[in-house]
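Written below as structure tokens is the structure these notes are about.
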Amino acid sequence: MAVHAPYNHAPPPTQEINGQKPTLAPAITLERPADCINRGQYPAFYIICGYLNRLRADAPHKKYELLTRIFGNWREKVGPDLYPLIRLLLPDKDRERPVYNLKESMLARCYIDILSLEKHSEAAQRLIKWKQPAGNSPNPTGDFAKVCYNEIKARSTVEEGQLSVEAVNMLLDKLAVGKMKQKDYVPILKAINMQCTAEEQEWIIRIILKDLHISIRERGVLSAFHPDAIDLYNVCSDLKRVCWTLYDPGFRLNKNETHLELFHSFLPQLCGRMNDASLENIAKAIGAPKEFIMEEKLDGERIQLHMRGNGAQWFYCSRKAKDYTYLYGAHPGEGSLTRYIATAFQDNVRNVILDGEMMVWDPVVERYLAFGTLKSAALAFSLVKVFDILFLNDHCLSRKRLSERKRLLRSGKIFKNIENYKGRLEFVDEKRGKNAKDIREYLERVVETKGEGLVVKKTDVIYQTNSRGYDWIKVKPEYSDQMGENLEVLVLGGWWGKGGRSGKISRLLCGLREQAFDDGTLQDFLFNRFWNELLGLRVDFVSHLMHLRSMRCSPTHLSQCRNKHKKHWRPFDRSNPPPFMKLGPVGLDDKPDVYIEPENSFVIEVKASEIVPAGYGIGFTLRFPRCKYIYYDKNSRDYALDDECLWTVGQGFFYKTRKLIKRTDFMDLFSRPKRSYDDSQGPGNFRGQKLSDADVETSIFSDMTFSDLEALVHKHGADFTQAQLSDLSAIVISPDQKNPLVRAQIRHGVNVIKPEWVFESIARRTALPFLKEFLVFASEEAQDGRYYNKTLEQYDKVSFVRDRTGGALVDEDGDADVEDEIMDGEDKDEIDVEESRESKNRRMAREDLKEKESNRTLEQKKLQEAWGLRSRASPGDSDSEPEEEMSLKEESDTDSERSRGLRAIYEDEEDGENDSHESDVGVNGDDYRAVPLSGLNDKEEGLMGESPEAMHYDEDRIFYHLAFYIDTAKNAAVNGLESSSPSFDTQERLVKVEKLLIENGGRVARSISDPKLTHIIMDDEDSRRYVELTRKTAMPKRKHIVTPKWVEDCVDEETLLDEDLYKPK
């Protein structure tokens, strides 16, 4: 059993070893087919920029058509070799230009030189400090390429780019020749600056940084290029090979042509992680009571080991195709590993591919070190732990069942006495299981020896390259409430985000106070940091909490919830840190961008896998932290390392001597809330924050309910919820009529009030009536109220000026002594509505596209028209493009190339940065629901929906994790249901809905017995099969039965709405 040292998980070694550093595995020397030669003229680079602008601005379902259009035009006008184009669309997958050694800081210095900027000028500082918010400045921040675009545009005299695609590729090749200094880069970038417009340079910078920000990756691009392209890429990771092998769109590969090959890196199979990670559900998903395999999960780097020539040649690469052969040894007697294991294989093993985990072994204490922590350790104590065999003696084994591959691996036919290679070559510890009890027992055994966790695998499945799913599921201790570490810490600083989080705090620095002196005064704070980006917090709440925009309230009653921390964040001076901070001896990158005084801050409770030694002020840090709760009603003095919260170090872990009180989840702040019902309090996933047992000071809100400002109204007797219940009197929100939740409630006639109403009521110690000025939306009942049309000043005079008997001096219906003052506008400091990140990015991209298109010359417009870029009446407006007409049959055919292409576009998501045996799908804080209205019940419907990796909400594919059955007469006949004769209007509505579902990522099922089925669409005018469908689809989980209106409203609102409001009549 593995014994893990308590070190931080570190990325694979990227430092230079003997003058070398890891790069993408080099492309195998290929010979270009004779008829794969471009004979036409390469297009101007601004044509490609035009396509990139469109890809960034378009919705996902339109990207596929755009890609097929550009590929078709290229083949027609240039030739069959699309490699020069595709390498620009996928710069991070280009093996021939693996690294530029150019990051934002170096590019900023280069452009300061190229643009002749004074180093301390505002323009130069904008380039250097591109992440920092610009305040009221219109200049963008957080997107380095866009910041450069604005500075270049203000100074460039180039009106029309002079470079072709071929010329741009040649210049990029020069930048990627090797590690150079600034003086070497400047002449090349200066040549680009003199021949390219600001727009073209923006895209070249994005290519250099290997992130185009177009929300599409290899799956989408290659699926549009050729139907077999992604299958071939999965087993070779080589764009050139894909382009030169599949240059003919009519050519199709045989199955044996997508097998794994020796010395070709491939994209390995990865683990999925269930959202409801109870051991019972994991066991069920993995096939229990059938036998499954449990392997110990290791803290290393996923590695592919290739050997051929009976041990003469060796090749090592990571799961992201980084070549580490130079480190571990290409031939016997070389490297830190090959020299020790060259004789481990049986004599009859000519060639082999093994899948495993690279570890660092300390033979002195006989334990594993966190991989990549020490360069010398990586050189001296490399160990590969093998868990799979995928190729043997010229035969690919990936299509063999896992149980067969495991049997072969451990049969003694592959290795000689493997026990003799302990510390260099070993099998992964594994055990067979049949139920949740077996998983629990093995997990406890692993945890007792400080192991990482488990990976459970089905035994009867083949090896699927570049896939995640429930065939392999990881089980980590911290996913269980009984395991891991929970603690409450004070937020003390943060780092500015970039990209979609520009202008916002994306990472937090947290800490604890040292033990108090005897006289009760406080010592310095000790600080810990969270490298992760607020895991578990919805992004919209991060915006509310820390962004420089927040809710609006009256000038006289500033609230805790409006601009709560806008004035509290202060720039952090690295040379003169705040006196209350005690930071460790770490590099400048570990100092925050901003800090906040403890008395102005707030407390968060985090859960982490463990607490490990680190170089920070407290001497320790958290591993895999995730935010669970946020508290505003706690004092910073409570978070000290004193006798009441004593920490001791033992075996590399911390153990708290006091028990934490478990609190009700603050689920409205978290991504993917789970449904749990409490008859007395309403749906648990919509309850507000859990407050401490503070005394209730008044009862002025005892009959009201609020969804925001919980801490404030709690003191005055109110309850709060995040769900709309039948007995609610109001919903307290920011004045935002565009919020989908708000619009949904407005449609149901619910009063929507502004936060000001709360503050003014508290100031008067009475609940104000619903005045017009405090209502975002007023129901008919509210509009009929006695005081609805009165101003607050009028109401004050009516209600609060009374004689000794308590009677009003001014008649309640009169206005004799009242000045009739009506508000004629919103407060000047009202904020913009916070948009979803993706929607905002697309909107800004469309605006940017319109601006750029308006500056095109006549010649450019003609050339764009020839390349299919000016087919729209309104360029850049994705809503103005006519929808492609196609039959329902064609649109719903999941086997069609277009359907597969659209699916690939939707599946294009960023992989995690961790090159490990695990997959962190579902952990990242970016996976969030825009509005916690409804969704799959994780506990009840965790196995329903399209696929495990689709269980994460995305606003561009809101139905992607769902599967739908449409209750048409035709489908009813197929499924043996009661027949009907619906009207033409009913049929037309259902056809329209099916098209909407597919365009927005949903899957349409024809059978009611489909195991992934989640929803049934039924029209009000043809609902006779409601009871029959309810009964026949009740097992194993009941399905949502909704009308077509639910689909239409979800698409309009760009989020999933509550199904209960759309049941058929």
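Note that Cβ sites are derived from N, Cα and C of the backbone, with glycine treated the same way.
Annotation comment: Swiss-Prot describes Glu295, Lys297, Leu298, Arg302, Glu357, Phe387, Glu452, Lys457, Lys474, Lys476 as ATP binding site. Among the features that Swiss-Prot reports, compositional bias 'Basic and acidic residues' is placed at 834-864, 886-900. The domain 'BRCT 1' annotation in Swiss-Prot covers 696-775. What Swiss-Prot records for 1-20, 825-928 is region 'Disordered'.
Across all of the domain 'BRCT 1' (696-775), the predicted model scores a mean pLDDT of 62. Within 10 Å of the Cβ of Lys474 (ATP binding site) there are 25 other Cβ atoms, across all protein chains. Farthest C-alpha pair in the ATP-binding residues Glu295, Lys297, Leu298, Arg302, Glu357, Phe387, Glu452, Lys457, Lys474, Lys476: 18 Å apart. Under DSSP, Leu298 (ATP binding site) is assigned to coil, being neither helix nor strand in the three-state scheme. Take the CB of Glu357 (ATP binding site) and look out to 10 A: across all protein chains shown you find 23 other CB atoms. The Cβ of Leu298 (ATP binding site) has 27 other Cβ atoms within 10 Å, all protein chains considered. In the three-state DSSP reading, Glu357 (ATP binding site) counts as strand. Around the Cβ of Glu452 (ATP binding site), 25 further Cβ atoms fall within 10 Å across all displayed protein chains.
In three-state terms derived from DSSP, Lys474 (ATP binding site) belongs to an extended strand segment.
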